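Trainee: One structure, as structure tokens, below. Some questions next.
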Amino acid sequence: MLKSVVLATLLGACSVLGAECSRDKQCPEETPCCSQYGECGIGAFCLGGCDPTASYSLDACVPAPVCESKELDFKSLKRVADIGEYLGDPTDYDWVASGEPAQHDGNVLLTMPKGSVGTVMSSTTYLWYGNVKARMKSSRGRGVVTAFILFSDVKDEIDYEWIGVDLETAQTNYYFQGITNYTNSENITLENSFSDFHDYEFRWTPDKIEWLVDGKVGRTVEREGTWNATAQLWEYPQTPSRVQLSLWPGGAEGNPEGTVNWAGGTIDWNHEDIKRLGYFYVEVESVSIECYDGKDGLGTNDNKSYWYDSEVGTNNTIVDGDRDTVLASMQATGLNMEKGKKKTDNKDDDDDDDKDDDDKEEPKTVPGGTTGSTGNDHSDEGESSGGGAGTSGDAGGTQPTEEYDWSNFDQGLSSNDDAGQSSSTDGGNAGTKAQASLLAIVVAGCALYWR
């Protein structure tokens, strides 16, 4: 279905490495959207994964489709769209994919051919708290990483990860706005994750996260243990997130040493799965999504779309409203969602503008970074945390003052300014470390291709 996409997106990644973005370096107006991999562009850059805090403006990113409870199988891949073709209508597709998903016995395989950088599938709708369960088998092999994560546009993350040399362990972790803190990591022991199907589940509420394997709770994190007294906020995942399933080469030659070591060593491209099938693979049978029944503007899905009204990027800056989620073309952005729309006379609505732009370099429309890790890539394994709306201090364990209203998870900051403006306590660096390390995966992918 997506033949040759791995090569095409990899080449695209190699050509856009100069267009980086972060909270400290927003995208320019001509390529206003910052992808989850820290690249600026238009089109697909402005859809799922577009980080409003690192984009030209908050409204450069297209509003995200609200949660929809659903039971998904893979007896057909008709509901899986190529990232280069999807324009943002969740009624057309359930998943957006980069790489090469393949159908096998009514399931989907996320494949990673020799020398490639794998496959990722992302849900077209977002989850703002709720339950998600995937029935799946991990991949295997040195340097091979399987991931099942919830990942928000401001880089809140809840994850399961499997390292291909340890098939009896599911690693779990969570992040707030991309801040690296590996004390948040914990393992769950299980039977062989490659040969046996297991049900992996997240149960996520404003107050608690539970990780379950085969119906049994393997780990619980309470929000009350994530208070950062210095920044006066909760370092707890709290923003609408996509469901992502991925397979990627953490052990690719040229990746950061921390990533390679965490992934079990340098990847073996002569592994028996490569010799026998031509690729490493993850097998997914089904995914179920159950939306949270939010009240009072927290965790709701009452309308059509989510967007942010402040660069702070916490739960109290999310709007559940009725803005459109669909681009007219891959030339459009959240700033001009109708750009490139075809008129009845088959003439583009911006043909005149295009004549003036003939000599300009064509903006990138598909994030090249989608061929690497989708979440935190562990490149700084063992280092101290940093970045984010709250960048330092006593993260976790230190409680709010006694008068804090525990029934009201209204994040906020101690010196929050007007909506749309960063607070003085905002370190202005959330996700920078994660974005930089994710970009390193793309660099490694380029190196693999040109070897």
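We count from 1, first residue shown onward.
Glycine is treated like the rest: Cβ placed from N, Cα and C.
Annotations per TrEMBL:
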type     : residues : note
SIGNAL   : 1-18     : signal peptide
DOMAIN   : 57-278   : domain 'GH16'
ACT_SITE : Glu157   : active site, nucleophile
ACT_SITE : Glu161   : active site, proton donor
REGION   : 331-431  : region 'Disordered'
COMPBIAS : 347-360  : compositional bias 'Acidic residues'
COMPBIAS : 384-396  : compositional bias 'Gly residues'
COMPBIAS : 408-431  : compositional bias 'Polar residues'
Trainee: Can you count the other CB atoms that lie within 10 A of the CB of Glu161 (active site, proton donor)?
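Mentor: For Glu161 (active site, proton donor), the 10 Å Cβ neighbour count is 24.
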Trainee: Quick one: average pLDDT across the domain 'GH16' (57-278), no decimals.
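Mentor: Computed over the domain 'GH16' (57-278), the mean pLDDT is 97 on the 0 to 100 scale.
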Trainee: Including all protein chains displayed, how many Cβ atoms other than that of Glu157 (active site, nucleophile) lie within 10 Å of its Cβ?
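Mentor: The answer is 24.
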